[in-house]
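Per TrEMBL, these features apply:
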REGION    14-100  region 'Disordered'
COMPBIAS  14-26  compositional bias 'Polar residues'
COMPBIAS  71-84  compositional bias 'Basic residues'
DOMAIN    98-289  domain 'SAM-dependent MTase TRM10-type'
REGION    289-349  region 'Disordered'
COMPBIAS  319-339  compositional bias 'Basic and acidic residues'
COMPBIAS  340-349  compositional bias 'Polar residues'
Amino acid sequence: MPHFFQKHQIMSSETLPAFVETSNVERTQDLSEDQEESQKPRSGEGLEPISKRQMKKLIKQKQWEEQRELRKQKRKEKRKRKQLERHCQQDSNSDGNDRKRIRRDVVHSTLRLVIDCSFDSLMVLKDIKKLHKQIQRCYAENRRALHPVQFYLTSHGGQLKKNMDENDKGWVNWKDIYIKPDHYSEFIKKEDLIYLTSDSPNVLKELDESKAYVIGGLVDHNHHKGLTYKQASEHGIDHAQLPLGNFVKMNSRKVLAVNHVFEIILEYLETRDWQEAFFTILPQRKGAVPTDNACGSSSHNKKSARAGGGLDSDSSEEENSRNELDSPREEENRDKENSTESAMNSIPH
């Protein structure tokens, strides 16, 4: 027995290091596996829920990717259509260039049309930006007109110039326009001036192309009503209003934006017809109809013609197109009516 125990003890002492080493390796493997398992995200843990906004973005992105080929095909069709139009224009024009043919028909008018920008301090930045857009429209329309006028932008400075420098740097390269920091009275004779204002009792019958007609560059929403008429009277400058009430009856406010007045004069120079000029330029939302077909009593017609039978350049408002010109109050009322019908229709026009 002692010999047996001694032999067993010798064998145990020999196999013990190997056993310990094997156990350590297995323990190390178990620990590494546990660490890997602990580092793996468990189901429902470590994942933030996706918000509705993120989900919408993902859906839109997916739709965008799915429609990639469709957009590519549309671009190809558009290019082909433009090429076809160009070929048709070249075939229909013996000179091979419509633009040159049209420009040769242009006859410049000697009439001077002035936008008076001396009301800069009376407007907030929002209205300054509106005036800037209206001036841009006037410039574009005058460049396209068959009888362009001598376009003047006077008292140019302050907020308006700063806004144009920041948002429309190309204005310094405008052609066929006189942009001056001086007041119009400093370089135009007083006897040549006619200030257009709806408060004037004088109604224009026709345009005198030897005169300089002044439009008040003021967007104030009737906060300074009658200001241009007052200034013209104080300085002894002739004044008048467009004959709007003699030809047109409207079911909305008879307030015209600066660019609308400008375009009406351009149209009249081409057609020599006030009624045609008014109905070509006035927005459809104004509900303009000829005075002969207007409803209501004669006294009401006279009152309407007197109230707005001309030009409200003092309170001119921004417009986005010929079909869109409404006062802020009208827009607000329309928004409220739309919001009661559906929340999706509350976007202002």
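Glycine too: its Cβ is placed from the backbone N, Cα and C atoms.
Note that TrEMBL annotation is computational and uncurated.
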Original post:
What is the number of residues in the compositional bias 'Basic residues' (71-84) that are helix, strand and coil, as DSSP sees it?
Top reply: 14 helix, 0 strand, 0 coil
Subject >> Arithmetic mean of per-residue pLDDT over the domain 'SAM-dependent MTase TRM10-type' (98-289) >> reply: 89
